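Peer 1: Below is the structure I would like to discuss, written out as structure tokens.
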Amino acid sequence: MKVKGIQGNWQNWWKWGTLILGLVIICSAAENLWVTVYYGVPVWKDAETTLFCASDAKAYDTEKHNVWATHACVPTDPNPQELSLGNVTEKFDMWKNNMVEQMHEDVISLWDQSLKPCVKLTPLCVTLSCHNITIKDNNTNVDTEMKEEIKNCSYNMTTELRDKQRKIYSLFYRLDIVPIGGNSSNGDSSKYRLINCNTSAITQACPKVSFEPIPIHYCAPAGFAILKCRDEEFEGKGPCRNVSTVQCTHGIRPVVSTQLLLNGSLAEGEVRIRSENFTDNAKIIIVQLVKPVNITCMRPNNNTRKSISIGPGRAFFATGDIIGDIRQAHCNVSRTEWNDTLSKVAAQLRKHFVNTSTDIIFANSSGGDVEITTHSFNCGGEFFYCNTSGLFNGTWLNGTSNNTWKIDTVNDTIILPCRIKQIVNMWQRVGQAMYAPPIKGVIKCVSNITGILLTRDGVGNNTSNETFRPGGGDMRDNWRSELYKYKVVKIEPLGVAPTKAKRRVVAREKRAIGMGAFFLGFLGAAGSTMGAASITLTVQARRLLSGIVQQQNNLLRAIEAQQHLLKLTVWGIKQLQARILAVERYLKDQQLLGIWGCSGKIICPTNVPWNSSWSNKSQSDIWDKMTWLEWDKEVSNYTQVIYNLIEESQTQQEINERDLLALDKWANLWNWFDISNWLWYIKIFIMIVGGLIGLRIVFAVLSIINRVRQGYSPLSFQTLTHHQREPDRPERIEEGGGEQDRDRSIRLVSGFLPLAWDDLRSLCLFCYHRLRDCALIAARIVETLIRRGWETLKYLGNLVIYWGQELKNSAINLLDTVAIAVADWTDRVIEVVQRAGRAFLNIPRRIRQGLERALL
């Protein structure tokens, strides 16, 4: 009875175990996740790419920048769009921005290209005999120092005929010539040479070209985007929480200047101070003002310009007559505006550098090249070098509430004396200089000071002041002051994520149906969750393609406009690069989609299972709480692995599809009678006949071998054999007696078809008998295995129950034995303790008894 109960329990356990296992399998299958490809996701990565320019310049303007921008830049967008990216935090670094390097190279290339067709002034490297100039003016009170600012020089120069020379007179600024061997004994006459002749070649700027810059917009090619930081308190480096995306930057004027930044953008709220490292006094400090300061510069004289032939087909432009005082070039700055601005700058510097007990001092430049020690800039085609000591000569006093300044200026206008140079060594490059031809007439230019470039003196141990001086010289800092809030990123429209959808069947691809989604822009959904952003994928993907096409058309028109020049500028080359890069990126993405079997699809499920080692986050965490940017960072290390698995899966699917299509041609009954299949039928027929003949031979050989083993001689199976029974012997062997008297013969078959039919019949019977025997044997083996297995399982179950009971009894016996032993040991311990206690308690009694005995 006990065994039957155990068997019944075991059967119940088997049923419940099978049910639980099935439920586990179903649940696990229901939770399987598969890789799904998304095209058009708002994901980007930092990148460096070739930017192109846009400008609204007019083609009829003769100014070089304008001509260059008109022919080499695309027109600006009259309605530029800026798309805010909510819930996005991006890192910016103005000190490691490739846009700055590109702009620096572009402006240098612009200046170099403007000089290429111009006249080389190498013949001017001759000995100059110079003396002070005589000024033709009604005012006879002319300062001697001002007279020495310009020299009237004579020199011999080749005329239109190379074998003839003539003496030529022209005027040079004192800064452009250097004496040879000291002054002569004549006092006001000596030998000079041009300042560049021992270091660099000189090229005269083309006379119809001025250097007044116009705004230039830098634009990203298709497949890339420009991110803009709109955080007012952004200091140029670090995370920015107010980010937007634009296709082009704002209009940036390529103003080449030192110490002061002119006609740039202004800060919002308050003055902004930016530096790569505030504690390093070797790093430049870029100050962005919140309110512009007007600066008016002028050369008050009325100059004339003359052309001097220096050889066949070459002309040198020099200053002719001088009307008025040409040396009195100067700039005017409002003292009130400047003091107010500098006080705000000092307040911001104090926050970054010093404590509340330190004064801030502004001082003039400590020395260096004239481009560094003065405020150098271009005004109306002339290069001014102005002394800024009047601007940087004050102290921010500690504890003074009215921001008292000590300025060495009495009037309300600060006058900055300026000098003019015509030989300019641009970009601090050795070996190349430019001669700026003089500009006739009065020159006046009005600009806005929008920024300052400062350097900080090293702080000594015994000083409580911080001294700041004007700096500059590296034009990258000028461009950095405008490009600090931009960065270029590469759009990565392909994304993979786990979903429950699986590519289940092998079928021909169909183009995905577009979803009617509201237009948010390609990167507009960057801050949305993955689930919300996936709704706009169709619109984003179409916008990407349309943006590429539109941009290619604009670039193509700009390139076509340069064909009459028979050459391309640096911008033309970059536009070609931008066109190729945009098409290449789009084709690369489409190639990947085609390899994965996702051509024309925005959401493409695959049959690649999602590996939890890539990311073990749940579906709700992924699609409801994460953005595509966060998800891309989560799986960026496994992206290439996933791509390879998708490609392998698609390759296998194509193989399966090819096999399926190969079988599809037999689906129609009429295809069986197609003439193209006849050769295939003949081949199969020949194979069957050959197989039958081979089997016939094999069975014949086996039959002969079998008969030989039984003692018979091999006879032809096509010969009729007649056996005459002996009168006293029955048919066959003794055990076969009693059979009827008849002849025994082998069946004689004649003809091809009867022979084939007989062989086929024998083959079928043989196969049937052998297969039946094999099936019976297999069924018997399976039945035996099942019975033995069930008996073994029952035996093992009973054995487990038996040994469980035995172990239980053994454990109980062990516990009883331990309890008894512990009880005995405990009783002895208690008895010993009791005896010790009684002995201790009887000590007084024993003492009393001892005393009583002693007294007795």
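The backbone N, Cα and C atoms fix where each Cβ goes, glycine too.
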Peer 1: Of the cysteines Cys53, Cys197, Cys206, which is paired with Cys118 in the disulfide recorded by Swiss-Prot?
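Peer 2: So the cysteine paired with Cys118 in Swiss-Prot is Cys206.
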Peer 1: Under Swiss-Prot's annotation, the disulfide partner of Cys418 is which of Cys379, Cys386?
Peer 2: Cys386
Peer 1: Have a look at 213-247, 283-317, 528-562, 633-667 and point to the one annotated coiled coil in Swiss-Prot.
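Peer 2: Of the candidate stretches, Swiss-Prot labels 633-667 as coiled coil.
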Peer 1: Cys73, Cys153: which one closes the disulfide with Cys130 in Swiss-Prot?
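Peer 2: Answer per the record: Cys153.
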Peer 1: Name the residue from Cys248, Cys445 that Swiss-Prot records as disulfide-bonded to Cys379.
Peer 2: Cys445
Peer 1: Between Cys125, Cys248, work out which one Swiss-Prot annotates as bonded to Cys197 by a disulfide.
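Peer 2: Disulfide pairing in Swiss-Prot: Cys197 with Cys125.
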Peer 1: Counting each residue once, how many in the region 'Immunosuppression' (574-592) are helix, strand and coil under DSSP?
Peer 2: 19 helix, 0 strand, 0 coil
